[in-house]
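According to Swiss-Prot, the protein carries these features:
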type: BINDING; residues: Gly51, Ala52, Gly53, Cys54, Asn55, Gly138, Thr139, Gly140, Glu169, Arg173, Asp216; note: GTP binding site
type: COMPBIAS; residues: 350-360; note: compositional bias 'Acidic residues'
type: REGION; residues: 350-372; note: region 'Disordered'
type: COMPBIAS; residues: 361-372; note: compositional bias 'Low complexity'
Amino acid sequence: MLKLVENVVGRVSEEENKVPEVQVPQSSIDEELKKIVEQIKARIYVVGVGGAGCNTVNRMMEVGVTGAKIIAVNTDAQDLLKVKAHQKILIGKELTRGLGAGNDPKIGEEAAKESERELRDALEGADMVFITCGLGGGTGTGAAPVIAEIARKMGALTVSVVTLPFTMEGIRRAKNAEYGLKRLVKYSDTVIVIPNDKLLEVAPKLPIQMAFKVADEILVQAVKGITELITKPGLVNLDFNDVRAVMKDGGVAMIGIGESDSEKRALEAAEQALNSPLLDVDISGATGALIHISGADVKLEEAQQIIEYVTRNVDPKAQVIWGIQLEPELEKTIRVMVVITGVTSRYITPEEETPLETPEESPSIEISIPEL
């Protein structure tokens, strides 16, 4: 996990290692097989909603997510203009006139409903939809649940990946986030929750703006990791139906990341992942686990150690799936990302689903966080 933080802080632009393709003579059956593969390939869309969500998809466009269509959605025209995506949607043109939602989830919700037809058209044909946003503001908090409902009703496996605000951002954003999270759980198959406060336990001296970038990077790694286990050729890939089996009606999920380059790197990485501050739940009753293993030279014995360790720590009836991606840039490091589904989270409370009222009715101390 610390290596991930270091990579964000000291990121250097390098061209990815390219392995030359071996030229193989094509036959008529190869062409037919290619067509069949294209027809059965899972269509995965990633939708970034609001300022934080658009920051995340912008980063995804930089690093590349194999086999995914990237869509940016916002009420703020100026912010949307700066984002890189395969498709951009300015929602609520009549309601907000492109000026944003003003940290009001109700405006974000109404903006998405106003643009429902355009959103529906953009999601047409998707087998799986990731919705990513930072909860606590207006657009992401309000619009993401509407988009999740649309995607799920259209038959797509709908997975929301969201961050919760830092405590220092104030009670208003915390209450808004709670409201948005409840609605996302209602309308998504699975909601992966990343509490930003937990980043402070990983790297307490991290500058605030860098902390937001690290949060973005964790969102990116979660979506990219799951997607490419399906779409990108690797040492061990997952079938889309495997992922559906774990994440369909998966409820609340948490993520843990661990890494090690020691002699016992596999076991240490698995232990770090399950003891990650981000994995802030009791996983013993979890209904499912998705394990993403990556490294330059992962051995089968090491993969077995990781899988057995995770399996021992979740419910015996939990469905555990796993895959391995070869990443030369990790060198001697093994990285383990686990997504644990069907957990009971303290971030979901049985209170009434309403965002915090206006500042005049419920005063709170707010800290303005600049856009990154």
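Here, residue 1 is simply the first one shown, and the rest follow in order.
Even glycines carry a Cβ here, placed using N, Cα and C.
Since this is a predicted model, take the numbers as computed values, not measurements.
Sequence features, as recorded in Swiss-Prot, placed on the structure.
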| residue | record | Cβ within 10 Å |
| --- | --- | --- |
| Gly51 | GTP binding site | 25 |
| Gly53 | GTP binding site | 33 |
| Asn55 | GTP binding site | 26 |
| Thr139 | GTP binding site | 34 |
| Glu169 | GTP binding site | 22 |
| Asp216 | GTP binding site | 23 |
Problem - Secondary structure of Asn55 (GTP binding site) (DSSP, helix/strand/coil) - result: helix
Exercise for the section: Give me the largest Cα to Cα distance among Gly51, Ala52, Gly53, Cys54, Asn55, Gly138, Thr139, Gly140, Glu169, Arg173, Asp216, the residues the record lists as binding GTP, in Å as a whole number. Expected result: 19
